[in-house]
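J.: Quick one: this structure, given as structure tokens, is what I'll be asking you about.
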């Protein structure tokens, strides 16, 4: 079949209506929502652990003595390379084995690496801990999204993915607030230990209480056999709609991670806010903005996706184009609280575009390659997005410092603010390819 702008998402071949009210294994709506809630908590810990370094970075720089470029490598490259290298093999495993077990093991690993970050004595020990964090978190995203797709119908996926992805916004808010508070109270080392330990208990709960659903329950029938990796890549490469979504994923992530990894440090340097205030205020603004954006994008995407993905993606283009002037204004604002509000609005725009585009990725491919398709998206997000975004800001800030002094970081942050424009253009190209793209 083909996806067109006038065509609704595929419907299940099983002859009965499906929604969040009916689970994939005969369980009722309560259990389905329980699973969504558990994955939501996993996502909170994913971003909570990921964002802690951004808030605690000034204390780490002061104690260990690392430059902005080195910090950019810690927040981006160290994490991204191992995240992306592990994502595809883990996703291949998730396409043929228990996804909930993979999620549980991955959560335990990244929580342990977060706690071990507090024991680092040198820059390279921090680098290794971040690599371990990235490798662990690679098993959280695509397997979880694939699991959710077998708990809800295609037409309900934007809302389910949005509900899950709100954990990203909550994780930012909770992680930044706790990191700032614990860093001030206990020091940055014990803050990492305190943030990492509870995740290991949640991993046990995932392992014991989440049931693995039948794969492809709500999708068109297929033979269920997983193609080879080379065949899978060829199938994805032939899908131009999917490829343009990958370009969007990469450029949007340059914007997202370039901004959210450096804005906490920017508020400390440029506006002289204390660490606890940065964690609490910026965490609340970014977390609330991302969460409301995710929910709005999921709800609106759910409604618009009834007529195909074209209307939903147009709404995402508007959100991404709105982000650039808002983020630029946040960088230029002289009042810290105005800057924080604008930073929260920027995260709203990012969040809004997340659920519809993620749902488009997962609904454009066959169930048996869904986790792999998601992992390829993660590869683009991390290798290009979350590695390049923070790193280029750090390098440009260090380069500009001798000439512009304290404004170096402010100027460097314009790069990820402008990256939202090519992200919007990639979505426009995806819409153009949509009518000619076959569902894999």
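Glycine residues also receive a Cβ, built from the backbone N, Cα and C atoms like all the rest.
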J.: With TrEMBL as the source, which of 139-160, 161-182 is set down as transmembrane segment?
T.: 161-182
J.: Over the domain 'Major facilitator superfamily (MFS) profile' (35-440), work out the mean pLDDT and round it to an integer.
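T.: So the average pLDDT across the domain 'Major facilitator superfamily (MFS) profile' (35-440) works out to 85.
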J.: Would you confirm whether the transmembrane segment (279-300) and the transmembrane segment (102-124) meet the contact rule of 3 or more C-beta pairs below 8 angstroms, pairs 6 or more apart in sequence?
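T.: Since fewer than 3 Cβ pairs under 8 Å link them, the transmembrane segment (279-300) and the transmembrane segment (102-124) do not come into contact.
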